Amino acid sequence: MATIKSIKARQIFDSRGNPTVEVDVHVSNGVFARAAVPSGASTGIYEALELRDGGSDYLGKGVSKAVNNVNSIIGPALIGKDPTDQTGLDNLMVHELDGTQNEWGWCKEKLGANAILAVSLAVCKAGAAVRNVPLYKHIADLAGNKKLVLPVPAFNVINGGSHAGNKLAMQEFMILPVGAANFKEAMKMGCEVYHHLKAVIKKKYGQDATNVGDEGGFAPNIQENKEGLELLKTAIEKAGYTGKVVIGMDVAASEFYGKDKSYDLNFKEEASTDYCFFHTCFFRGSLVSNDGSQKISGDQLKDLYKSFVSEYPIVSIEDPFDQDDWETYAKLTTEIGEQVQIVGDDLLVTNPKRVAKAIAEKTCNALLLKVNQIGSVTESIEAVKMSKKAGWGVMTSHRSGETEDTFIADLAVDFSHHTNEYSPGNNQGQIKTGAPCRSERLAKYNQLLRIEEELGSEAVYAGASFRKPVEPY
């Protein structure tokens, strides 16, 4: 039996110039695997702990503590272990070596989720290599899946919220090529709409407005959220893909939820963040004010989403409310959940306990899968299996601070598409990893192109079935 020979961690840098953790695993039979972890900008308060150094170096964002935890604690404990035993190794790291818990489960406060996840990902890659199977096949076997499905890409092409310096409160406006015949055609559609959108934005807002944000999307100085939807609609029409390319949104509403339990759609103009005089502040050179007139209740925000859905081809809304606003989430899911998937990101943080609560309370109907929110491959698979058993959709996701690592592309490939035998495995059907721009984003999409080519006639594209690529028969 091949066993783990050595584990080595180091500090590298993500796409935003912040330190992150990379891990190398060497196996006794000569196999080598490497993995790196991402980090988020808008993060949920219930995510597992991302261990940072604090202090002045790297503005407190160094990861030498996490690196040291891998090299001095995790690595030595895994020497001699079987790299194909993903569950056993993850449980050893999470339950025994770390062992910290809170009301929502294993929180990784001792070693850091970034330390544990980097090892978990690298071990998973090593396990696939030891078995001499592609990574996507190894993950599918871990999850109990059978048949292959390529996910629908959700391209984040307009940025707002915490990802951009414009006035948009809502964070991401995405396009999904559900009408494509395969993943290759989906990339073609997405890229063409992206370039048409660039031309539309340049004509309307000027050349500067086509600069890209952390995830490759544009960040024009749009005044209203509806204006972003209009731009997408226009670009889709110009590309000739009306009816084939639809729209998704990541609102990240926790970013503008206040202590008074209202949602401030004008939150970027708070007087405390800019030059101000009698509730008036300067935003990008123009005189503006935040008098509180755009503060709305959860029910009013719910009705705003419903108006968007009635006017635009929206099929997915992520984080429509605050991460603790379970009641309003449930209302929206009840009212439009058949037509639109309501995705929990900050609400769920890929945490099986929070997923179980949301299933019981019918809070949402889709999971955003971010492996670094929970901190291990095994726990991520558990969250996905719970979600799919409940009939939910699942969207695999990157983070705003990414690396060239392509693990999530293999993770998103689905292994149970319309089979007669139902399996609530890793049935995802969707992936969002930015716009078709910036190499750390394209690395994932390009990996999916390679996988589709490798699968040949066996490859199936989720397409219009992206919400439920597996049905229980």
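Heads up, the Cβ atoms here are built off N, Cα and C, so glycines get one too.
Copied over from TrEMBL, here are the features:
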type	residues	note
DOMAIN	4-139	domain 'Enolase N-terminal'
DOMAIN	147-469	domain 'Enolase C-terminal TIM barrel'
BINDING	His163, Glu172, Glu318, Asp345, Ser397, His398, Arg399, Ser400, Lys432	substrate binding site
ACT_SITE	Glu215	active site, proton donor
BINDING	Asp250, Glu318, Asp345	Mg(2+) binding site
ACT_SITE	Lys370	active site, proton acceptor
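The structure, with features from TrEMBL marked on it.
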residue: His163; record: substrate binding site; Cβ neighbours (10 Å): 23
residue: Glu215; record: active site, proton donor; Cβ neighbours (10 Å): 28
residue: Asp250; record: Mg(2+) binding site; Cβ neighbours (10 Å): 28
residue: Glu318; record: substrate binding site; Cβ neighbours (10 Å): 28
residue: Asp345; record: Mg(2+) binding site; Cβ neighbours (10 Å): 27
residue: Lys370; record: active site, proton acceptor; Cβ neighbours (10 Å): 24
residue: Ser397; record: substrate binding site; Cβ neighbours (10 Å): 28
residue: Arg399; record: substrate binding site; Cβ neighbours (10 Å): 26
residue: Lys432; record: substrate binding site; Cβ neighbours (10 Å): 28
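The Mg(2+) site is defined by Asp250, Glu318, Asp345, and by the 8 Å test on Cβ atoms against their centroid, the other residues of the chain that qualify are Gln171, Glu172, Met249, Val251, Ala252, Ile317, Asp319, Val343, Asp346, Leu368, Ser397. Across the structure, Arg399 (substrate binding site) and Asp345 (Mg(2+) binding site) place their CA atoms 11 angstrom apart. Report note: the substrate site is defined by His163, Glu172, Glu318, Asp345, Ser397, His398, Arg399, Ser400, Lys432, and the residues of the same chain whose CB lies within 8 Å of the CB centroid of those residues, excluding them, are Gly40, Asn156, Gln171, Glu215, Asp250, Leu368, Lys370. Checking the recorded positions (Glu215, Asp250, Lys370) against Ser397 (substrate binding site) with a 10 Å Cα-Cα cut-off leaves Lys370. In the predicted model, the domain 'Enolase C-terminal TIM barrel' (147-469) shows an average pLDDT of 90. Rounded to a whole number, the distance between the Cα atoms of the residue listed as 'active site, proton acceptor' and Glu318 (substrate binding site) is 13 Å. For the binding site of substrate, formed by His163, Glu172, Glu318, Asp345, Ser397, His398, Arg399, Ser400, Lys432 according to the record, the largest Cα to Cα distance is 16 Å, rounded to a whole number. Helix, strand and coil residue tallies for the domain 'Enolase N-terminal' (4-139), in that order: 56 helix, 29 strand, 51 coil [DSSP].
Neighbours of Lys370 (active site, proton acceptor) among the recorded positions His163, Glu215, Asp250, defined as a Cα within 10 Å of its Cα, are absent: none qualifies. Looking only at the recorded positions Glu215, Asp250, Asp345, the one with its C-alpha closest to His163 (substrate binding site) is Glu215.
Counting only the Cα atoms, the space from Asp250 (Mg(2+) binding site) to Lys432 (substrate binding site) is about 11 angstrom. The separation of Lys432 (substrate binding site) from Asp345 (Mg(2+) binding site), Cα to Cα, is 12 Å.
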